[in-house]
2 protein chains.
Amino acid sequence: MSIRIGIMGYGNLGRGVECAVAQNPDMELKAVFTRRNPEELQIWSRTARVVSADKLADWKDELDVLILCGGSATDLPKQTPECAKYFNVIDSFDTHARIPEHFADVDAEAKKSGKVAIISVGWDPGLFSLNRMYANAILPEGKDYTFWGRGVSQGHSDAVRRIPGVKDARQYTIPVESALEAVRAGEDPELTTRDKHTRECFVVLEEGADPAKVEEEITSMPNYFADYDTTVHFITEEEMQRDHSRLPHGGFVLRSGVTGREKENRHLIEYTLKLDSNPEFTSSVLVAYARAAYKMSREGLSGCKTVFDVAPAYLSPKSGEELRASLL
Amino acid sequence: MSIRIGIMGYGNLGRGVECAVAQNPDMELKAVFTRRNPEELQIWSRTARVVSADKLADWKDELDVLILCGGSATDLPKQTPECAKYFNVIDSFDTHARIPEHFADVDAEAKKSGKVAIISVGWDPGLFSLNRMYANAILPEGKDYTFWGRGVSQGHSDAVRRIPGVKDARQYTIPVESALEAVRAGEDPELTTRDKHTRECFVVLEEGADPAKVEEEITSMPNYFADYDTTVHFITEEEMQRDHSRLPHGGFVLRSGVTGREKENRHLIEYTLKLDSNPEFTSSVLVAYARAAYKMSREGLSGCKTVFDVAPAYLSPKSGEELRASLL
């Protein structure tokens, strides 16, 4: 029998989950829940139902795992604890500073209902966190580095779009190659986020807007751009459409550490992601952890978990025997 | 109270574990067990005891985890099941084809004694296996690649040393950069182990040996070298000592996969290790998993496990709260 999946929210992430479920033969998408009028929502799946979010509780015996695809600012802090009353749930809550609070809220509900909830799943937080953790446990004396990019930052793109005279904009965060090489060379440099990244903006102007003025407004914007090496390119709407419609992203997690009687041996652990589609890759991680939530729930576990608490084997459709024979 | 560690076997790996334990403040090395005469074994630790392997069972209440540092060919198949009768144990059994059998033997004993045994811990098998598994679960449609090196292969070095006229030898396995780049570029190449690696030998000759003959014997050796692009360098004993006394190693695990409605988005997951000392890094992984075995045992778990079965948080000295706040 397939693992019965529900999706809450049909934005980039929800559509990515829909695709990812279709790539996993042990799963079946049963329903997409929306706050919009379900009549007006067209989904890609031919078999799943589109259901009003109001009817969620009616589905409590119809789904094995509900994957929450809303945003971290306002959706997930409410939705995840609420949905954990009825379902095993997965979310991608990514406001790092508020994770402890979110964990506590979700844990309380999931313990009461006896469901499994896995929060902050994706690549950062998520796979990057895992790699930081494994590397720290293995090399207790060392330094951590995370670089992001090359990829589109939605927050920075939005900030540029708010400037008067800007019709559309896309901002790429780019790791500084020389900083990355210094880490790889074992130089243990001290690096701020600013030392590690540059920013590149592609901007479509409104008719009659002054490019010099817009460029000045971007490069002087506090927090977002002022302290970074920022490049601005003005392009046409057609170029934006043709060259910048994807949402690529990625990054690097490194740990450089020492071992030995005299700390004379140096080791480098590096984890790299290069992603054509940030939302689709994040969705693929969510779906693997949905399988884990299902398996853990069937073993009688409950409460809130993060990627740190989930034994790797739970993510795989293979049995322990198969994993040991094929992947160990 | 510290986690009380024992080491069985004091070769490169055992000495590495001794160093790694010293880097982990929550652990204490209590004893090194040896099959040699304990009187004749000098260890680096000032506090641990050197004990005859015959006396192992007497220590059953004195250790939390015993780390087995013997070889996979003959030591571990006997030692790990035997020691699991008395201790939580960790080994680095790395004969991939015999893992299922070893698992069954160890599991039977560990279940009987109620101990936790974690086998095949290190980087391959171990961290590389983990990365293959995570990447497969996340990108079900894709291709896996493992490259080894640049590093010293002990088996190949030994094979060269057995050639008449060879006094000492060191063999480096080297990944083929163009093959690695083809994988990174998303070309999904079909690659055999031979396509992915070249071999470089550094050889000290016996007085009067013929270099041309030795080189011919190396490059034509079946299985080991005949089908590889192999380079042979003749060096002096001093150069061997000066430039080749370390045991560096490393490698790359990559998975390239696709997502999306039309499979139009490509993703690359890459995990890289660059290690100055293969045995010391392996030891550091063993020690982190010793912590996991200790924690799992205290939770009442028992039986044989692999890296796939161990939730990441068990490896860390930090609490769940600390991990969520600092590394997620």
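Cβ from N, Cα, C; glycine included.
The Cβ of A:GLY122 (NADP(+) binding site) lies under 8 Å from the Cβ of A:SER92, A:ASP94, A:THR282, A:VAL285, A:LEU286, each of which sits 6+ residues away along the same chain. Feature annotation from TrEMBL assigns NADP(+) binding site to A:10-13, A:34-36, A:69-72, A:92-94, A:121-125.
Marked as domain 'Meso-diaminopimelate D-dehydrogenase C-terminal' by TrEMBL: A:122-277.
For A:TRP148, A:THR173, A:ARG199, A:HIS249, A:ASN278, the entry in TrEMBL reads substrate binding site. There are 25 other CB atoms within 10 A of the CB of A:HIS249 (substrate binding site), with all protein chains counted.
Sequence-distant neighbours of A:ASN278 (substrate binding site) (same chain, 6+ residues apart, CB-CB distance under 8 A): A:GLY151, A:VAL152, A:LEU247, A:PRO248, A:HIS249. In sequence order, the binding-site residues near chain B, meaning those of A:TYR10, A:ARG36, A:GLY71, A:PRO125 whose CB lies under 8 Å from a CB of that chain, are A:PRO125. Distance noted between the C-alpha atoms of A:ARG199 (substrate binding site) and A:PRO125 (NADP(+) binding site) is 22 Å. Among the record's substrate binders, A:TRP148, A:THR173, A:ARG199, A:HIS249, A:ASN278, no two C-alpha atoms are more than 18 Å apart, and one pair sits at exactly that spread.
The C-beta environment of A:THR173 (substrate binding site), restricted to residues of the same chain at least 6 apart in sequence and closer than 8 Å, consists of A:TRP148, A:GLY149, A:ARG150, A:GLY151, A:VAL152, A:SER153, A:HIS156, A:HIS197, A:THR198, A:ARG199. In sequence order, A:PHE93, A:ASP94, A:HIS96, A:ILE99, A:THR306, A:VAL307 are the residues of the chain that are 6 or more apart from A:PRO125 (NADP(+) binding site) and have a CB within less than 8 Å of its CB. A strand conformation is recorded for A:HIS249 (substrate binding site) in the three-state DSSP classification. A coil conformation is recorded for A:PHE93 (NADP(+) binding site) in the three-state DSSP classification, outside any helix or strand.
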